[in-house]
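Peer 1: Have a look at this one before I ask anything.
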Amino acid sequence: MSALQKNSDTCGIEQEQPGSQINPKVHWVGVALDVPLGDGVFDYKSSDPVELGVRVIVTFGRRKMIGVVVSRQDKPRIDPEQVREIEEVLSDIAPLPADWLRMAQFAAGYYQRPLGEVMLPSLPAPLRKVSAYQGKASRGGPVARMRKQRSPAPLPDLTPDQIPTLNTEQSGAVDQIVACNSHQTFLLHGVTGSGKTEVYLHSALHYLAGGKQVLFMVPEINLTPQFEQVLRARLVHQGGEDVLAVLHSGLSDGQRLREWLRVSTGQARVLLGTRLSIFTPMPHLGLIIVDEEHDASYKQQDGLRYSARDLAVWRGHDRNIPVVLGSATPSLESWHHAQKQRYTCLSLRQRARDVTLPHIRLVDTRRLELQQGFSPQLLEAMGKRLDAKEQVLVFLNRRGYAPVLSCTSCGWVSQCPRCTAYTILHRSGSAARHHHLQCHHCGYHARVPEKCPDCGDADLRPMGRGTQRLEEYLGECFPAARIARIDADSTRLKGSAQKLFAKVHAGEIDILVGTQMVAKGHDFARLGLVGVLNADAMLFAQDFRAPERLFAQLMQVAGRAGRHVAGGEVIVQTDYPEQPVYQALLHHDYTGFARHSLQERESVGLPPFAFQALLTAEAKTIAKALSFLEEAKSVAQNQFSAYMDMAVTFYDPVPLRVVRVAHVERAQLLVESTSRPVLQAFLSAWNPQLGPLANQLRVRCTLEVDPLEI
Ligand SMILES: Nc1ncnc2c1ncn2[C@@H]1O[C@H](COP(=O)(O)OP(=O)(O)OP(=O)(O)O)[C@@H](O)[C@H]1O
Ligand SMILES: [Zn+2]
């Protein structure tokens with residue numbers, strides 16, 4: 001066994017106890033390390049007292065690592081002879097504050113991860129890399145190096161556009177938010193274009209004036225750079241040049257460190273960031289805003305699978321400050337909390353500008369002849385809008401040229417050799433060198449075969465369509481129109497999404513074709529018509545959240561139409577116009593949709609009326625994955641039967657919808673309870689058994705709490 005054993009008992013963060021005994025000669029501490037063992041906290045010693053929250057360099061096994069001191073104890077929990085000395089105490093930044101430590105501890109417990117795996121990855125990379133501190137290149141460490149560098153040139157002083165006067169609904173909402181001087185969670189439910197941003201801004205300015213910091217979370221920043229500019233322009237007048245810091249995954253390590261330091265020292269007062277920003281220390285935090293709170297990107301999908309929105313509510317409660325969750329289509333979880341008066345609902349029912357919500361038309365495609373997926377109605381409406389010099393948005397949530405390539409004589413279809421999935425035909429431009437087949441699950445690339453690999457026939461045809469094919473077809477239909485496609489392919493290069501959106505905003509684009517990237521948040525001024533293709537694909541998905549997601553997506557994309565000029569229209573093509581999702585959309589009826597969906601969820605005991613955790617297994621074969629899950633289930637039923645009596649229930653292990661990805665086969669086991677504390681207690685007991693079992697059966701497993709996709 002290595003010199004460092006994992007602590008046998010659960011090592012939480014020390015609650016400061018006045019007068020607690022500390023050995024005068026040796027100081028025993030618990031250090032959280034990014035190591036997937038036990039609770040992620042390991043014993044070390046020091047001859048000097050060490051503060052909680054301080055970062056230290058230690059040796060773990062044979063490696064040097066940076067860790068965070070999270071506890072001090074009278075004696076170590078392993079043989080004192082085996083405890084190593086802390087090598088270096090890093091004092092280039094202040095100790096991580098107590099509330100940050102508390103939140104990390106909460107997240108580790110709630111999401112069932114070792115504490116070190118929560119803490120360390122949430123810090124900017126240079127602060128957790130030993131090489132940044134030791135060796136020739138370190139030059140005093142990353143913080144000192146950064147201070148020596150010149151600060152980036154000051155940003156141009158932007159004058160804000162005309163600041164609108166709040167309408168009655170907006171000022172009512174702001175009044176309630178700013179009147180709150182303790183914890184309260186507000187659900188700002190405002191229809192698309194109702195001016196939620198102004199409510200956030202006014203509330204933020206109020207807390208800034210009171211000397212507080214504001215955390216403003218958004219699902220994505222790359223897509224909405226103009227929002228950052230607007231925010232900056234509005235804030236500098238109150239908070240000075242340095243007021244805004246921005247954090248998202250597109251920043252370099254150095255940029256991220258700089259922004260993190262500015263916020264955690266209290267210098268920058270507003271942090272605009274994506275989900276990772278929830279873990280930034282903010283000494284004067286006074287308000288948290290979560291825009292588009294329903295957005296799935298608040299949920300991290302690997303490593304620590306946390307929900308930044310849920311942690312925001314926790315943090316607000318812990319710091320005793322208000323939290324504002326805003327959306328035109330709140331998640332059913334948040335809506336349910338509001339219905340139960342746990343959250344305070346603030347409603348904006350009207351659009352802020354003098355326009356109504358767009359008119360929605362369902363085009364029944366059952367008996368229609370479609371041309372490349374377009375109904376005659378949609379094409380005609382597009383023509384009219386273009387003639388009137390308005391912009392048109394065509395929404396299809398599928399990138400690539402066609403979802404599969406197929407042989408007309410033998411029925412061969414293009415399949416990924418590594419996954420149970422088709423390869424997608426990609427074709428940007430007409431030259432054959434721009435054509436290839438791509439797997440959207442594992443990234444596999446292949447050239448397009450000249451003839452069928454099975455029968456040799458040369459007649460291979462694309463089946464179905466993606467955004468590239470729509471773009472091509474629209475070019476033929478509307479040769480004079482300037483068309484832009486915005487999807488993950490067209491925006492791969494850094495800055496390209498910004499450029500494309502800037503062109504749309506500048507009126508240099510007539511038709512915008514895009515995936516869900518174009519659906520959110522954008523305040524297009526000239527967009528008159530939105531056309532939605534192939535929404536039905538999401539209608540009958542297995543996941544019980546699929547209708548909720550579809551409805552939110554349709555409401556959001558529809559909400560891009562007619563925001564500044566009257567007469568906006570949305571055309572949704574469907575084979576199932578009678579479906580409740582479409583009927584609710586037709587009437588812009590979020591409330592009705594939510595009521596109906598919650599009733600349904602309640603009657604079958606699904607979230608938010610139940611709490612779930614998902615155990616996923618990955619193995620060489622599906623049989624192995626399934627047998628691990630069976631074994632895990634029987635461990636639960638045999639060893640923890642008390643929880644089964646307390647309403648913890650298991651579904652059967654099942655293969656994932658796409659079973660094999662990159663040669664790995666996957667299955668899942670869903671656990672559910674009507675009580676969150678009971679589920680939590682059960683998971684804490686069960687989870688430590690899973691790692692050893694998985695090792696034994698040569699399976700990789702992950703446990704996810706509150707999974708969004710099932
Ligand atoms: N009080 C107001 N008077 C006039 N215009 C306003 C007012 N408040 C906001 N606006 C304008 O209304 C438009 C929509 O506002 P905003 O983008 O904040 O909507 P939103 O509620 O965030 O919508 P979505 O959920 O669709 O993103 C913007 O162009 C904004 O400048
Ligand atoms: Zn693949």
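In case you wondered, yes, glycine gets a Cβ from its N, Cα and C as well.
Look at TrEMBL and you will find 138-161 tagged as region 'Disordered'. Annotation comment: TrEMBL describes 177-348 as domain 'Helicase ATP-binding'. Among the features that TrEMBL reports, Zn(2+) 1 binding site is placed at CYS407, CYS410, CYS452, CYS455. According to TrEMBL, the Zn(2+) 2 binding site annotation covers CYS416, CYS419, CYS439, CYS442.
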Peer 1: Compute the centroid of the Cβ atoms of CYS407, CYS410, CYS452, CYS455, then list the same-chain residues not in that set whose Cβ lies within 8 Å of it, in sequence order, for the Zn(2+) 1 site.
Peer 2: THR408, SER409, GLY411, TRP412, LYS451, PRO453, ASP454, GLY456, ASP457, LEU460
Peer 1: Do you know offhand how many angstrom separate CYS442 (Zn(2+) 2 binding site) and CYS452 (Zn(2+) 1 binding site) by C-alpha?
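Peer 2: Cα to Cα, CYS442 (Zn(2+) 2 binding site) and CYS452 (Zn(2+) 1 binding site) are separated by 23 Å.
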Peer 1: Return the count of C-beta atoms lying within 10 angstroms of the C-beta of CYS416 (Zn(2+) 2 binding site), excluding that atom itself.
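Peer 2: I get 23 for this one.
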Peer 1: Going by C-alpha positions, which of the binding-site residues (CYS416, CYS419, CYS439) is nearest CYS410 (Zn(2+) 1 binding site)?
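Peer 2: So, spelling it out, the nearest of the binding-site residues is CYS416.
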Peer 1: About how far apart, in whole Å, are the alpha carbons (Cα) of CYS416 (Zn(2+) 2 binding site) and CYS452 (Zn(2+) 1 binding site)?
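Peer 2: CYS416 (Zn(2+) 2 binding site) to CYS452 (Zn(2+) 1 binding site), Cα-Cα distance: 15 Å.
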Peer 1: For the C-alpha pair, I'd like the distance in angstrom between CYS407 (Zn(2+) 1 binding site) and CYS419 (Zn(2+) 2 binding site), rounded off.
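Peer 2: Checking the Cα atoms of CYS407 (Zn(2+) 1 binding site) and CYS419 (Zn(2+) 2 binding site) gives a distance of 20 Å.
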Peer 1: Which binding-site residues from the set CYS407, CYS410, CYS442, CYS452, CYS455 come near ligand 2, judged by a Cβ under 6 Å from any of its atoms?
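Peer 2: Those binding-site residues that pass the cut-off, since their Cβ is under 6 Å from ligand 2, are CYS442.
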Peer 1: A 10 Å Cβ contact count, applied to the binding-site residues CYS407, CYS410, CYS439, CYS442, CYS452: which residue has the minimum?
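Peer 2: Selected from the binding-site residues CYS407, CYS410, CYS439, CYS442, CYS452 on minimum Cβ neighbours within 10 Å: CYS410.
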Peer 1: Please report the Cα separation of CYS439 (Zn(2+) 2 binding site) and CYS455 (Zn(2+) 1 binding site) in Å, rounded to an integer.
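Peer 2: Each residue's Cα considered, CYS439 (Zn(2+) 2 binding site) and CYS455 (Zn(2+) 1 binding site) end up 23 Å apart.
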